[in-house]
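As recorded in Swiss-Prot, the features of this protein are as follows:
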BINDING   His82, His473  Cu cation 1 binding site
BINDING   His84, His127, His524  Cu cation 2 binding site
BINDING   His129, His475, His522  Cu cation 3 binding site
BINDING   His470, Cys523, His528  Cu cation 4 binding site
DISULFID  Cys103-Cys561  disulfide bond
DOMAIN    21-145  domain 'Plastocyanin-like 1'
DOMAIN    157-304  domain 'Plastocyanin-like 2'
DOMAIN    422-540  domain 'Plastocyanin-like 3'
CARBOHYD  Asn182  N-linked glycosylation site
CARBOHYD  Asn228  N-linked glycosylation site
CARBOHYD  Asn294  N-linked glycosylation site
CARBOHYD  Asn367  N-linked glycosylation site
CARBOHYD  Asn405  N-linked glycosylation site
SIGNAL    1-18  signal peptide
Amino acid sequence: MARTTFLVSVSLFVSAVLARTVEYNLKISNGKIAPDGVERDATLVNGGYPGPLIFANKGDTLKVKVQNKLTNPDMYRTTSIHWHGLLQHRNADDDGPAFVTQCPIVPQASYTYTMPLGDQTGTYWYHSHLSSQYVDGLRGPLVIYDPKDPHRRLYDIDDEKTVLIIGDWYHTSSKAILATGNITLQQPDSATINGKGRFDPDNTPANPNTLYTLKVKRGKRYRLRVINSSAIASFRMSIQGHKMTVIAADGVSTKPYQVDSFDILAGQRIDAVVEANQEPDTYWINAPLTNVANKTAQALLIYEDDRRPYHPPKGPYRKWSVSEAIIKYWKHKHGRGLLSGHGGLKARMMEGSLHLHGRRDIVKRQNETTTVVMDETKLVPLEHPGAACGSKPADLVIDLTFGVNFTTGHWMINGIPHKSPDMPTLLKILTDTDGVTESDFTQPEHTIILPKNKCVEFNIKGNSGLGIVHPIHLHGHTFDVVQFGNNPPNYVNPPRRDVVGATDEGVRFQFKTDNPGPWFLHCHIDWHLEEGFAMVFAEAPEAIKGGPKSVPVDRQWKDLCRKYGSLPAGFL
């Protein structure tokens, strides 16, 4: 990994504060890897999976040069990178979703994403946002450190070793899985933590060669930054014999909240402090999948104070018995729902319940009588708590109903399955000459215009009849989740996220339209996104084109579409 930093004086700050420009080079290529012991072709970042940690400090500017060296004709050969959770103020052109904010990067070309970080801090991640490509390995962690972190007194260690990127893993390429239309193939074969896992954990030794190992010293406190980079899997995370104190969710600092375990959906991040206060030994880091049967991820926590040779943890790891609703989901039948498109650009543009195996102290420390699982509704923001609209009604309420067409296999919002346009939404807005209206977008683009400087509430419900939780992600914003299902609303101190779980019972959240850009809203189950579970909100389109919050684009951004338009029709 190539990385350089240099200091740039920023005269806009009062007291001559210095901000850095932090540069990275990411080479995207194909290669064979076996993170769970089974070899397959994958899409790699700098030769590995997951990609390297990208990190910077509050106020820095990130410059990431992405080089496309993809060659495998059986996998996706163009690419595009999304920086999940970065707000991208005046910078929507570098948000990354293909055909929303940019054209893909073609093979043997490069593109440099330049991203001023402003006041953002916290745990994020980056991944391909071209079709289902990130399922094949193109994903990695991203952390923005805060030199004045309000939680700094709660932990001693916060470094690259305490970043845990967890994710499901497949032995078949995502392109091949989608081509079959067989939903059962969307179940992952295994899961990894920091690129290590066991396909057959009952018959594969648990040791530092097969599992990620976090070494700790007794008496020290460690800030874990847990990232769920999955295509579908949700996990329940715990550490054998240890409690954790949650201090952030999706990059938002929260009031400290002590738990024994927490659930984490695809796309979400949880920061939690664990104190190494047990007897020096080896302990399981457990992460059973909660929406896929008989799959689990593990890592090892080893005390450096333990002078004995390596020995595995006492007792088996945790497993999970999925609910009847999850079993029903994996048994349901639907048609082929792939909505790829993109082939016409050249012509258009030219230019459940826990199942414990073995000793109960795997979950509960000795003498404990209860196990505390994180309640998401108790994640209170540390700074500026309260709903975006305050105690007043929202200026605009948008009702969104998701569901699935069991005949076609398409997931839909308000009856429309999203299909990526041939021309990126941002380019269409920037080249419009007579005022952007919703009629400028085709029905499959499913694009709604949001007025600027309003408080908006999304009311999202489902009618699929399938009991799976959909992780809903909105680009360009964090939002305040004011109601989960039929629970009482909370406008005083609701959780603030950028990914929230939605069932058919629904979820409501609020945000202010203070960031002009075309922002993608979609299910972060990548299979559902590919089957149409998405739409675009064109926020303040006239402000995108001109004014103090406009989105300036450069020649290299424009060249992306020129180069992509020269590819053969259907090349992706």
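Any Cβ shown, glycine's included, is placed from N, Cα and C.
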DSSP state at His473 (Cu cation 1 binding site), helix/strand/coil:
strand
Of the binding-site residues His473, His522, His528, which sits closest to Asn405 (N-linked glycosylation site) by Cα distance?
His528
Within 10 Å of each Cβ, count the other Cβ atoms and name the one among the binding-site residues His475, His528 with the highest count.
His475
I need the nearest neighbour of His528 (Cu cation 4 binding site) among the recorded positions His82, His84, His127, Asn182, His522, using C-alpha distances.
His522
Which residues, same chain and not among His470, Cys523, His528, have a CB within 8 angstroms of the centroid of the CB atoms at the recorded Cu cation 4 site?
Phe402, Trp411, Pro471, Ile472, His522, His524, Ile525, Leu529, Phe533
Should Asn228 (N-linked glycosylation site) be counted as helix, strand, or coil on the basis of DSSP?
strand
Around His524 (Cu cation 2 binding site), which residues of its chain at least 6 apart sit with Cβ under 8 Å of its Cβ?
Leu265, Ala266, Gly267, His470, Pro471, Ile472, His473, Val499
Within 10 angstroms of His129 (Cu cation 3 binding site), Cα basis - recorded positions out of His82, Cys103, Asn182, Asn228, Cys561:
His82
Within 8 Å of the Cβ centre of His129, His475, His522, which other residues of the chain have their Cβ, at the recorded Cu cation 3 site?
His82, Asp95, Gly96, Pro97, Val100, His473, Phe520, Leu521, Leu529, Ala534
